[in-house]
Amino acid sequence: MRSGVMEQMLDTGMPDRTDALVQQLWQWADAGWLRRVDVAFAQWVQQQDAQCHRALPVAVSVLCALEGRGHSCLELADVHGRLAQWLDWPRDMAAQTALRQLLALLPTQKQPWLTVLQSPLIAITAAGGGVMHKDPTGQESQSDTPMLLAVNARGEPQRLYLRRYFQFEQAAAHGLLARVQPIASQVQTGFAREEQIAEVLGQLFPSAGGGQTPPQWQKMACALALRQRLGVITGGPGTGKTYTAARLMAAALALADDPAQLRIRLAAPTGKAAARLSESLQQALQDLPPAVRSNTALFDALNRIPAARTLHSLLGVRPGTRQLRHDGAHPLALDWLIVDEASMVDLEMMAALLQAMPPHAHLVLLGDKDQLDSVEAGAVLGDVCEGAQQGHYSAETAAYLQRTCAESVPEAMLQPEADAQPAPALSQAIAMLRESRRFGGMIGQLALAVQRNDGAHMQALMTQLQSLQPDARTVFWKEQATEQDARQVFWGQGHNSGMSAEGYGALAALLKAMPRWPSAKVPAAGPDDESWLAWQGAHAQWARQLLDTLARFRILCATRQGTWGVDGMNALVIQALRAAGLPVKNQGWFVGRVVMVTRNDASLGIFNGDVGIALPAANNRQQLRVYFPQTGLDAQGLPVQSIRSIAVSRMQHVETAFAMTVHKSQGSEFAHVLLCLPGYSSPLLTRELLYTGLTRAKKYFSYLSAQTGAWQQAMAQSTLRTSGLVALLYGDGWGS
C-alpha cells in the first residue's frame, strides 16, 4: 500500500498522457527496481511542469535512482548501452522486460535529450560555467531549479544533475584546483626555500647508498605536498602511505618558523579508520631516523599532534541535519590536515571539507585509488587520481624533484613535449607509491593481476598454485563451492597448517575454554581477595586471546542477501558454532556473538565499523558485555594494546559480523580472509571489489564462489560511477 501522501500525489489530476506512465513507474518501485523516492520526485516534476515531454518523468526517476547507487549525475552519452549496468536490476525475465520498456522511452542519441529535458525545472549550464535557463519570456535568468543540464562548448547535452550534486562537484573541483597554485611565500623565496626542503628531506630519507635504486616515491610525495597546499598520496597496502605521512609531518614542523604553533590535524571517514591512523602514525614516528628523534623540540611537537578524528566530528556535523559548524565562513582552525582512507570520502563530504579549509592550509589525502569507492555518491579519489599511474609530470615538476630529492622522474611519467595539452596542474600534486613491502607473494601477484585486468597473469598464477604442495600454499581457491566447503575454510579444516590456525574453529575452542569461577564466593569477594584478582586476570587474558583470534580472520562477501552473502554466511557460522556445542542463537545476544557497530556513539567511545565480541562479564557470568580491542599510549608515547567492555543493553546499533561486506572491511586487515562471491552475475562484482577483498589479507587468502568464472567476470568489470569531476579537473576528453 502506498502512503496517504503518495496517494494524494497520484490523484492530483495529471494529464491523461502521463498517468499510465507514472503508474508504470510506481509498479517498478513496488517491485523494488526503483526506490519510492525516485518515483515520487518524478511525479512531482510531472505535476509542476504539466507540459513536460513524456520521457521527462522517466529520466528524472532514473537520475534519482543513480544517485542512490553512488552516481553523481546521468551521463547522456550511450544511455542505452550503459544504463543496465548503472541500474543493476535483477536478471530475471520480468525485470529485464521492464528495463527494455524503460529504455524504449529514452532517446538513443545525445541531441534529442535537449528536447526531452526542456523544462523550467531544469537549468542549462556550460559544464564549468554559470547557471542559466530561458524563462517563459525568453530571457536568460539565474535559477534555483532542482536540476541542471550541463552542456559542452558546442551546446551538446552532456550530463543531467540534481542541483545539489552539481554544486558538490563544482565546489570539490574549485577547492582542489585552488590548492595546487604555488604558495606565494615559495614564489617569493624561490630556491632558498627549496634548499631547506632538500636538507630536511635528506635527514628524513637517508640515502641507502649502493648501486642504482628505484625512485624514492615516498620522498618525492613529501616534496610535492610541501610545494603547494594540496598533496595526494595514493598506493596499495604496504606501500608506506602512513610512513610517508609521518615524515611529511616532521618536515612541515622542521620547516615552520615556530613548530610549536603549527597546527597539524588528522582525520578519517570513520572512527575505526581514525583510530587506525593514529595508531599507525604513532608507530611510524618511532621509526623516524635517530637524527630526527634526537631533536627534542621537533619530536615533542610531533607527539603533541592530537589523535585523529572522524571528518564528521572535525567539521561539526549537527545530528539529524546537513548543517556544519565549519564552512567557508567559519573555517577550520588548522594549518595542515591529513586525511586517511580518502577513497571512502564521498562527494558531499569532500566538497564540505574543501570549503571549510582555511585558504593558507595544506590538505593531504592518503588512500588507495584502486579500492572500492565511497558508500555515498561520488568516486572522488578515483577521479582525482585518474592519471596517477602515468604521472603526467611537467618538466618544471621534474626539475623541482631533482633539486629537492635528488631523484629523477622516469621519462615515461613525464607529459610528452609533443602533447598539445600542458601537464595537468592537479597531476603535479599527486604521488603514487608503487613498491609494496607487504605483498611479495601469491596474494600480491593476484592483486597486481586484478589491478591490471591481466587474464594471462591470472591464469599463470592459477597454474603455479596447483603445482604447490598444500603446506606451501597461501591461497585456497574453489569454484562451484558448497556450504560444506565454506564450513571447512572458516573452521580451519582441510587446508595447510597455517590456514588452519586462522579461523572460527580456533575461536570456538577458546570460547569453550572460558575460565571457570574458582569458587561460588568469588563474585562477592571484592577486589582485595587473591582469588578475585586471579579470576580477573584470567578473564582479561581470555578476552584478549579471543579478540586477537577474531582479528586474524574474517569472511568477506560481495552482497548481503543469499547463501553467499553476509546473512547466509553469518547463519552458517552460527550453525557451526552450535554444532560445536556452544549455546548460540539465531537472533539476539549470546556468548561469542561477533558484532559490528553501525553508528558512532561518542558517549560510549565506539564508532561505526568497530568490531567486538559478546562475553560474560568478569563479575557476573549472567550479564553479557561486548569486549573491544583498544589502543592507548604509554608514558613514552608508544602504542599499548588493551581491552574495554560495554554492557549489551547499551549497544543499540550493532549487527552480527562473523561475515561482513567487502565495503565494510575497508581500512581493516586480517591474517586470513575468505572472500565469497554469489552464484550469479552482478554489476556489484567488480575489479575494485576483488582488489579490496584481496588486499585485506596479510598472510592467507581463500576464495569460494558458487559458479565458475565469477572471478574472471568481476575482473573484466570496473566500477562505473558517472561523474563530471574528471572533466572539471582535467578537461573534457581526458583519458579518451
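Glycine is treated like the rest: Cβ placed from N, Cα and C.
The ATP binding site annotation in TrEMBL covers GLY235, GLY236, PRO237, GLY238, THR239, GLY240, LYS241, THR242. The domain 'RecBCD enzyme subunit RecD N-terminal' annotation in TrEMBL covers 31-121. Here TrEMBL flags 657-700 as domain 'UvrD-like helicase C-terminal'.
Nonlocal intrachain contacts for the domain 'UvrD-like helicase C-terminal' (657-700), taken as residues 6+ away from its ends with a CB within less than 8 angstroms of a stretch CB, comprise 85-86, 88, 91, 236-237, 268, 270, 272-273, 276, 341, 343-344, 368, 370-373, 375, 438-439, 443, 446-447, 450-451, 453, 474-476, 486, 489-490, 498-499, 502-504, 551-560, 562-566, 569-570, 573-574, 594-596, 609, 611, 706-707, 710-711, 713-720. When pLDDT is averaged over the domain 'UvrD-like helicase C-terminal' (657-700), the result is 87. Classification of THR242 (ATP binding site) by DSSP places it within a helix. The binding-site residues under consideration are GLY235, GLY236, PRO237, GLY238, GLY240. Their Cβ neighbour counts within 10 Å are lowest for GLY238. For THR239 (ATP binding site), the same-chain residues that are 6 or more apart in sequence and have a Cβ closer than 8 Å to its Cβ are LEU433, ARG434, GLU435, SER436, ARG437. Taken residue by residue, the domain 'RecBCD enzyme subunit RecD N-terminal' (31-121) breaks down under DSSP into 51 helix, 2 strand, 38 coil.
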